[in-house]
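As structure tokens, the structure follows; a few thoughts come after it.
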Amino acid sequence: KLSLFFPPLQVQASHFEGLITTIVGYVLLAVTLIVCHGLAALVKFQRSRRLLGVCYIVVKVSLLVVVEIGVFPLICGWWLDICSLEMFDATLKDRELSFQSAPGTTMFLHWLVGMVYVFYFASFILLLREVLRPGVLWFLRNLNDPDFNPVQEMIHLPIYRHLRRFILSVIVFGSIVLLMLWLPIRIIKYLLPNFLPYNVMLYSDAPVSELSLELLLLQVVLPALLEQGHTRQWLKGLVRAWTVTAGYLLDLHSYLLGDQEENENNANQQPNNQHARNNNAIPVVGEGLHAAHQAILQQGGPVGFQPYRRPLKFPLRIFLLIVFMCITLLIASLICLTLPVFAGRWLMSFWTGTAKIHELYTAACGLYVCWLTIRAVTVLVAWMPQGRRVIFQKVKEWSLMIMKTLIVAILLAGVVPLLLGLLFELVIVAPLRVPLDQTPLFYPWQDWALGVLHAKIIAAITLMGPQWWLKTVIEQVYANGIRNIDLHFIIRKLAAPVISVLLLSLCVPYIIASGVVPLLGVTAEMQNLVQRRIYPFLLMVVVLMGILSFQVRQFKRLYEHIKNDKYLVGQRLVNYERKSGKQGTSTTPPQSSQE
């Protein structure tokens, strides 16, 4: 029983006694399968031994997946929360109370935060591999390696190897959190006592809806920032500049980036010595354990290792490199925790005055403004060598493009989401939430924010669906981009039809309910019922008509298929001939002959 391993009160206090019991049961099942597998091997029951081995592999892989995808991000999320308590002026008692009030939501949020942290850490490692010399990060698994198979590793590696890797990952990820979150918070509280804590209240007293700001952040600000390729190129350039600087200061340029001359010679001599390098019979000077480790991981495939020049006092230089890296990460974390929030607070003060805003929104606003500033500076620096005339011409072109973009944004990001959100409010929200004896209230700001979300969902579904006119137009707009924006095409083919359909969907039911129904002489209660229920009723009618038309088309296709399958003898390809005025012209033979 579970009480043999954990006290019953502790299991009940965790609020997940069913999940814990299931996991412990699977662990006991795995141990039992191991014991039975060993006994079957002793008594030479080969078929039973093979079956028990397969069952053990299934249980082992399942438990490892739960640990790597469930437990490890959860540990990272809780460690991030614990290290950032002072940043939000919270205590462990507050976290305990929130866990007791909503255990499932709390665990999910911590798991989600940990999963995002692990994802961005892995993305940064992939970016480092593009900059550094192949073989520098030999101790980390390359996720882009075509030979990398995580399920195969789970099956073949023993449990103690997975346990050692799990403990090492927890130590590395936890140390990075201490370096880039806990220590910067302590420094900021010492240098800027009034800057922290961040304001993370649930409801803002500003004249802006919390839900609307959250949707704006998730649907407008962050996607526009993260989907830009310039941000990744800037980060990659910064990493390369730091690597070059550290390499020349510590005489580790060959180790970090490799020697260009040797790379060119190796590229010329690669067909001759590829077999020797793969076998690793005689390692090249400087490769050492790194090359051997790469050879073991690749299992006879491409090594992905470049030799380097080993300077004097190499371990000391590596230690200084790690110290320099930690200092750089600390400074970068200090800048990221202070500069965007400073800029966001200053900008949001013009809008909301002295009212406090959630720091997530101020940080996102400041980060977006910083990105726009850096982007504008880089563009101006790129234009400077071309002369004043070219700069004025570029400014004129960009001004015209910005004006076109603003017009398109007003139509597609302003009018369309507002109409769509209002229609959704009338069709779905108001009939479900507001009784007939009460008057529904509409908030245009919230309707617009919800319309932005609905518009993005509809656009994504349209792009994934079959080919029709709306998908063709959206794909054409995406292909043109902002620089080649065609204002006339967007207004005529996209904005005008969509706005017309939405306006008709809003106006026609209202005209029927408010103009036609009173002429029929019905009671006031019936008029109120029609006004409140005509929108969902018409939606149901449209959905039923769509389903019926779809079924009619399907039956027609089925009818044609059955007819051709039963009566069609064959098909014949004939040449297309234009009809001439001469009577002697022979008629076109039929394409198919039937019985």
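In case you wondered, yes, glycine gets a Cβ from its N, Cα and C as well.
Here TrEMBL flags 390-563 as domain 'E3 ubiquitin-protein ligase MARCHF6-like C-terminal'. The transmembrane segment annotation in TrEMBL covers 23-43, 55-80, 108-128, 166-188, 208-226, 318-340, 360-384, 405-428, 448-470, 490-513, 533-552.
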Chain residues in Cβ proximity to the transmembrane segment (108-128) (below 8 Å; excluding those fewer than six residues from its ends, i.e. six or more beyond): 70, 72-78, 80-81, 137, 140, 143-144, 173, 176-177, 232, 235-236, 239
Surrounding residues of the transmembrane segment (55-80) on its own chain - C-beta under 8 Å, 6+ positions past either end: 23, 26-27, 29-30, 33-34, 37, 107, 109-115, 117-118, 151, 154-155, 159, 162, 166, 169-170, 173-174, 177, 181
Top Cβ-contact partner of the transmembrane segment (405-428) among 23-43, 318-340, 448-470, 490-513 (pairs under 8 Å): 448-470
Top Cβ-contact partner of the transmembrane segment (490-513) among 23-43, 318-340, 448-470, 533-552 (pairs under 8 Å): 533-552
Long-range neighbours of the transmembrane segment (318-340), counting only residues six or more past its ends (CB under 8 A): 87, 176, 179-181, 183-185, 187-188, 192, 195, 242, 246, 249-250, 252, 362-364, 366-367, 370
